[in-house]
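S.K.: Following this message is one structure expressed as structure tokens.
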């Protein structure tokens, strides 16, 4: 019985160490994901603002075409 306890204890110990290492790597990956998400938000806001400016210019040109009295 004692001879089986040592290998099982060793297996448990090694499994615990590998599990803790995996959790540390997972935690490090999650931090990188937050930075990526922030960068994506910044890029999305830039695209959205450019789209708004484009839409405003197009609507102004349409309004000028209908009204007929705009400066070019």
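For all residues, glycine too, the Cβ spot is worked out from N, Cα and C.
Pulled these features from Swiss-Prot for this protein:
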{"type": "SIGNAL", "residues": "1-22", "note": "signal peptide"}
{"type": "DISULFID", "residues": "64-70", "note": "disulfide bond"}
S.K.: Starting from the Cβ of residue 64 (disulfide bond), draw a 10 Å sphere and report how many other Cβ atoms land inside it.
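M.R.: Around the Cβ of residue 64 (disulfide bond), 13 other Cβ atoms lie within 10 Å.
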S.K.: Please give me the CB contact count at 10 A for residue 70 (disulfide bond), counting all chains in the structure.
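M.R.: Excluding its own Cβ, residue 70 (disulfide bond) sees 11 Cβ atoms within 10 Å.
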S.K.: Which state, by DSSP, holds residue 64 (disulfide bond): helix, strand or coil?
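M.R.: SS state of residue 64 (disulfide bond) = helix.
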S.K.: Through the lens of DSSP with three states only, how would you label residue 70 (disulfide bond)?
M.R.: coil
